[in-house]
């Protein structure tokens, strides 16, 4: 039916006859000649229908409306000089229609305009309900084609240049919770027993290392029943990788080359290698975050030792309870940030309180290095402490110093949030800049206050640092995250590959030997049969593509995403099912209460 895609026709095809198919993006009637913008996934091209050349086709063109599906046969011609459109890849040419076939029209009025000429925003709920229309729009088509190019680049690099093998792992597996709730699938054949959809291919890819497939990768579908945010979905896609006989350094270097390859092929950008690195401790101390956006400054300064003996009880009291005091120095903050914004009711106070802060303290640096404030800080600092504060923060006249005092977790969350908000508001973030860095040496465990136990910071299969093996509770993990402009886009580690070490880690997180054997016995047994040292990484593919596409939500780079309420508006899922189906599965449903 067609010889070319719309966006493929160019000046090299002048005088050729082509067959094109697609949707009418826009129709314009100019003095008896009708112009149609024909669109397919490759782009737009202008069609000219002249009644003097083809009266029958002109009649059809007169009845055509936006989003009609048509087939065009016509001759490629150069546009008149005054009609050239340099903004359009096909802007040098147009097609004089010899024949127009109407393949399909519209049975209903469009719920929103699809045309590339439309700039009016459409509600996301409407876009998701009519996703097939939304995906015709230029922006969404561009995003999905970008996603395709990213995956194509991944496969080419890993297979052609690095000798990786793509292997699929099971979708129906056993429930081995890894931090989030599992999606469960009842077994009809085994009444009372359940499969789970995988949160990741973690266990199976480690089994593949035992099996001798030393370089594995997979574009893997993963499922987590968790509360949703802008960058989370109940089902998502990972680039999953695992490698045997490689050190952490070798894994990081290989992945830097992979990411650089993707950027070069997809964006035409050459990334400098190697990527910068921060330890977890350095990242938390300087930025208050393990995924810092380092495109701008505003680094935090710990002043706990300076404030522990101050007369300001908010600070000294927090330190006495084992907390810390940190300050966020803001150049030009005196003029840019008013007192009202920092006090209760102000926008910065609200931002801080959302992450647990009880309040904010601040001082302003005036001419001559004079510290000015409303409150008790100034009056409870000695001249020596004031001078040391100015020295540590490198504060100059015009600086605003924002303080947070509480437990370390709350302080870091508070100042991390404020750093990002203020950096954005003051225009300090270069939106065109690309910042990639590794964060390494994470703690093995973190304390779960609700359950009063240790839990793995990443997952319990992460290998401890060899220097810390005798004290697992405070051990560093041989783990690493890749951070892209303040987003974690990849995370991995060297793995435990000895049964006794794995059992010690299970014990540290409160798993009994029986429970560990019940959940992970097949992995522990595999470790008895010559397991090689191995490690890996998984990338959040949706998030990576989101950042490459300069979008704000992963829903805009997924063909058929769920809403933040975990619903598919297109298919109206999830839905109730027939009682007969439930009976076959040996499952009964507890109906939700009617309001």
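Here the Cβ of each residue, glycine as well, is placed from N, Cα and C on the backbone.
Swiss-Prot names 224, 225, 226, 233, 540, 541, 542, 543 as ATP ligands; from the candidate set 166, 168, 285, 488, the record adds 488 to that same site. As annotated in Swiss-Prot, region 'Aspartate' covers the listed stretch 202-205 rather than the other ranges in 202-205, 206-209, 210-213.
The ATP site in the record is lined by 224, 225, 226, 233, 488, 540, 541, 542, 543, and its two most distant CA atoms lie 20 Å apart. When secondary structure is read from DSSP and collapsed to three states, residue 543 (ATP binding site) falls in the helix class. Residue with the densest Cβ environment among the recorded positions 30, 224: 224, by other Cβ atoms within 10 Å. Using CA atoms as reference points, the recorded positions 30, 224, 495 were checked against residue 543 (ATP binding site), and the closest is 224. If you take the C-beta of residue 488 (ATP binding site) and look for same-chain residues 6 or more apart in sequence within under 8 angstroms, you find 290, 291, 481, 482, 540, 543.
When secondary structure is read from DSSP and collapsed to three states, residue 30 (site 'Important for tRNA non-discrimination') falls in the strand class.
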